[in-house]
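Colleague: Here it is, the structure in full.
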């Protein structure tokens, strides 16, 4: 395995995977569920939680540098084979669904250039024309990554720099157009008819979604030139992304009043740019979104392919997925990931699902892997500061599970259940020194049984 990724490439990988499609729709998404007061509290909670999670990853890369398989290996080392697999399965599903959402939003953005009231070509990214285009992009990126992760990471660095230009222009114009009276209008969201704390809870999956990818450097840490760069890259990217998100959401509420902002079509940043600089604003943001999402898609494809590969090398996924090609790219894992993405694209066309549906599912699947990072640090930490970070990361993880609501937890059970069958099959393809204990066998049985009523309740 080649170790060629330096600090700049690792930082770009993390930042690009976070700054994807979400930031361009963030103004409307937040305005629809939260007042300025709730938004400030929500970002405070999320900022603190994500920084604790980033610090937990930084500490773990320092005290357990040999665990270079990312969040999957933390869960496995701390809580056994089954929990480790569940972390890998949940993270991989999140990555697959995130990739589908990026392909959908790219062609939704292209509709700004092609669609008219008389002609709906790309629509919301779920027309047959969009699916054909998304499939072509999917396989172009697939063969690019087969040429080697370093090649893809270099292209991603350029894409990350390019996406910051339209975001920077938006922030500068929004600062110039910001009106404090507009920002303070209905500051606590009385018009929403929901208490402030409930509004805060409603922002949690949205704010988590735009930070998914924070673990990017940890996932590819086995390919890092210097292991100490992994933690630095994570912190640099988190602080940069948090600054961008705060500016974009808070300034937007000072340009357009919250009720009006909540009605703007996504990507809502395009509508705001039209308010600030005329028709050209929409084109600039749509073009920026396309570059941004393509960069994020490239990052997520690298990370998505890495997970089954690493899990297979640790005997959690079937042995075939541990294969690499001559360029040291995880070829079998990449084929698995992109075939699943292709199937999901066809399902999107058949069901008419959109970006927001995919956002919710992807956010839900990442909750357990993130919680297990904090739990592992809490388990092995010896210093008081490290224990405090572990406690904080665990509390944030539990809060997210609570905030996501019971229906989303049911969805998690349904999506984890088929993974257990993969886990049991994988154990047959490897020679294992350790046998599953009674608690793990009971947990497998409970999850499989619980998936039946959970499926019925979701369908019903």
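Going from the start of the chain as shown, residues are counted 1 onward.
Note that Cβ sites are derived from N, Cα and C of the backbone, with glycine treated the same way.
Residues annotated as topological domain 'Cytoplasmic' in Swiss-Prot: 1-4, 60-92, 147-157, 223-235, 304-331, 379-384, 427-439. Look at Swiss-Prot and you will find 26-38, 114-125, 179-201, 257-282, 353-357 tagged as topological domain 'Periplasmic'. According to Swiss-Prot, the feature transmembrane segment maps to 5-25, 39-59, 93-113, 126-146, 158-178, 202-222, 283-303, 332-352, 358-378, 385-405, 406-426, 440-460 (among others).
On this model, are these features tucked inside or out on the surface, and what's nearby?
Modeller: Only residues 6 or more beyond the boundaries of the topological domain 'Periplasmic' (26-38), in the same chain, are considered here, and those with a CB under 8 A from a CB of the stretch are 183-184, 186-189, 192, 196-197, 199-200, 202-203, 206, 210, 245, 248-250, 252-253, 258-259, 261-266, 268-269, 271-272, 356.
When averaged over the topological domain 'Cytoplasmic' (60-92), pLDDT in the model lands at 85.
Note on the topological domain 'Periplasmic' (257-282): residues 21, 23-29, 31-32, 35-36, 105, 108-109, 112, 170, 173-174, 176-177, 182, 185-186, 189, 191, 248, 289, 355 of its chain, located 6 or more positions outside it, place their CB under 8 angstroms from a CB of the stretch.
A Cβ distance under 8 Å defines the sequence-distant neighbours of the topological domain 'Cytoplasmic' (379-384), meaning residues of its chain 6+ beyond its ends; these are 59, 63-64, 78, 390.
For the transmembrane segment (5-25), the residues of the chain that approach it from at least six positions outside its boundaries are 98, 101-102, 105, 149-150, 153-154, 156-157, 159-161, 163-164, 167, 206, 209-214, 216-217, 220, 223-226, 229-230, 232-234, 236-238, 240-241, 244-245, 248, 266-270, 285, 288-289, 292-293, 295-300, 302-303, 355, 359, judged by C-beta separation under 8 angstroms.
Tertiary neighbourhood of the transmembrane segment (39-59): same-chain residues 30, 71, 196, 199-200, 203-204, 207-208, 211, 214-215, 218, 230-232, 234-235, 238-239, 242, 245-246, 249-250, 253, 370, 373-374, 377, 381, 386, 389-390, 392-393, 396, 399-400, selected by CB-CB distance under 8 Å and a gap of 6+ residues from either end.
If one looks beyond the transmembrane segment (126-146) by at least 6 residues along the same chain, the residues whose Cβ comes under 8 Å of a Cβ in the stretch are 99, 103-104, 106-108, 110, 120, 152, 155, 294, 297-298, 301-302, 305, 325, 327, 329, 331, 334-335, 338, 341-342, 345-346, 348-349, 352-354.
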Colleague: Sequence gap of 6 or more, Cβ distance under 8 Å, 3 or more pairs: do the transmembrane segment (358-378) and the transmembrane segment (93-113) meet that?
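Modeller: Contact confirmed: at least 3 Cβ pairs fall under 8 Å.
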Colleague: Report, as numbers and ranges, every residue of the chain located at least six residues beyond the transmembrane segment (93-113) whose Cβ falls under 8 Å of a Cβ in that stretch; write 'none' if there are none.
Modeller: 20-21, 120-127, 129-130, 133-134, 137-138, 212, 266-267, 270, 282-283, 286, 289-290, 293-294, 296-297, 300-301, 303-304, 307, 337, 340-341, 344-345, 348, 354-355, 358-359, 361-363, 365-366, 369, 415, 419
Colleague: Go through the chain and flag residues at least 6 beyond the ends of the topological domain 'Periplasmic' (179-201) whose CB is under 8 A from any CB in it; none is fine as an answer.
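Modeller: Hits for the topological domain 'Periplasmic' (179-201): 33-38, 41-42, 45, 250, 253-259, 403.
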Colleague: So which of 283-303, 332-352, 440-460 has the most C-beta pairs under 8 Å when paired with the transmembrane segment (406-426)?
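Modeller: If we count Cβ pairs closer than 8 Å to the transmembrane segment (406-426), 440-460 scores highest.
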